[in-house]
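Chemist: Residues or ranges marked as domain 'CATSPERG Ig-like' in TrEMBL: 1-30. Sequence annotations record features per position, and here TrEMBL assigns domain 'CATSPERG C-terminal' to 56-257. The transmembrane segment annotation in TrEMBL covers 219-246. The region 'Disordered' annotation in TrEMBL covers 282-311. If you look up TrEMBL, you'll see 282-292 marked as compositional bias 'Low complexity'. Taken from TrEMBL, the feature compositional bias 'Basic and acidic residues' covers 296-311.
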Amino acid sequence: MIKVVGSAGHCFQNTIQGPRMQGNLMLPVFIGCPPGKRLAFDITYTLEYNRLQNKHYFDCVHVDLEMPCFHFRDTFYPFFLIQDMATGDSGSFKGSYVLKVVGGGPNVDNIKEYSEEEIYRFNSPLDNTNSLIWTTKNTTMITKDSAFSVMSHQSLGIKWLCLENSPCYDTIPHSIFAPEFFFKVSVSNRGVDQSTYCDYQLIFLLHIHGLPLSAKRSFIILMISTSIFLSLVILYIIFCLLLPLMAKTCNILRWKIKNIITSEFYYTHSSSSRVFSSTSETRSSVSSRSSFQVVEKNKPEPEKIVKKPLT
């Protein structure tokens with residue numbers, strides 16, 4: 001029950017028809033954060049706005065619709081939604097928030113959680129250890145302890161740095177042309193947002209690709225690439241110089257092999273001919289002898305002449 005102080009006897013006016021209310025006043029009453037509301041990363045509008053502001057969009061080599069890529073050299077403009085899980089309504093979050101990188105790694109399976117000291121070094125604009133991962137494009141408010149930047153939907157975006165002592169510096173690339181890094185990002189409005197009674201906390205993964213290589217690693221890659229190229233050129237020159245000699249040697253080997261095969265064939269054919277001729281002669285001799293014996297056997301015996309004495 002709500003009671004207005006000093007309202008007794010002043011809310012009604014006596015008339016001929018009886019007491020009548022003199023009027024009313026609508027007064028908004030904030031009763032705290034409704035249950036079921038949460039903060040979410042607005043991927044669709046973030047992609048659209050980033051493409052519009054940067055005049056282009058470079059996605060990863062391997063596209064993931066649930067985790068789109070953002071290029072290291074492009075300014076990053078994040079946007080968030082307030083979702084009501086009870087009613088299903090959603091709307092843009094237009095309050096203030098603090099963004100921190102609280103973890104990261106070269107791939108999703110190897111994400112490291114950073115300590116409080118590392119979180120300060122990687123995110124605080126007051127860091128002097130050359131470890132910043134990102135910075136804002138414009139001067140923004142800072143938290144009460146002057147440790148982190150306070151951002152809003154009107155901020156001019158985030159510029160990725162990955163300085164020398166940061167974990168994303170000189171990342172070993174899976175592909176020479178697309179070194180990448182996965183950041184675990186925390187967003188919170190606690191203590192910095194006066195537009196709502198709700199304290200939101202959101203943690204999500206952000207995929208950044210196209211990170212620059214250090215001078216040392218770039219030199220190593222250049223030397224390896226140059227060595228491979230020179231090796232291929234030298235092998236090509238050697239091949240061109242040795243090609244005539246190799247062709248001549250192949251011809252000689254081919255003729256020798258052909259001669260060996262021809263000689264072997266001739267020897268085999270001659271031996272077969274001799275064996276066949278000898279066999280034929282033997283068979284002819286045996287056949288002649290058999291024929292002769294048959295003839296001798298069938299020859300009639302000579303007539304015996306009997307001489308008779310004359311009388």
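Cβ atoms are placed via backbone N, Cα and C, with glycine included.
Could you tell me the structural context for the features on the list?
Modeler: Summarised by DSSP class, the composition of the domain 'CATSPERG Ig-like' (1-30) is 0 helix, 8 strand, 22 coil.
Taken as a whole, the domain 'CATSPERG C-terminal' (56-257) shows an average pLDDT of 87 in this prediction.
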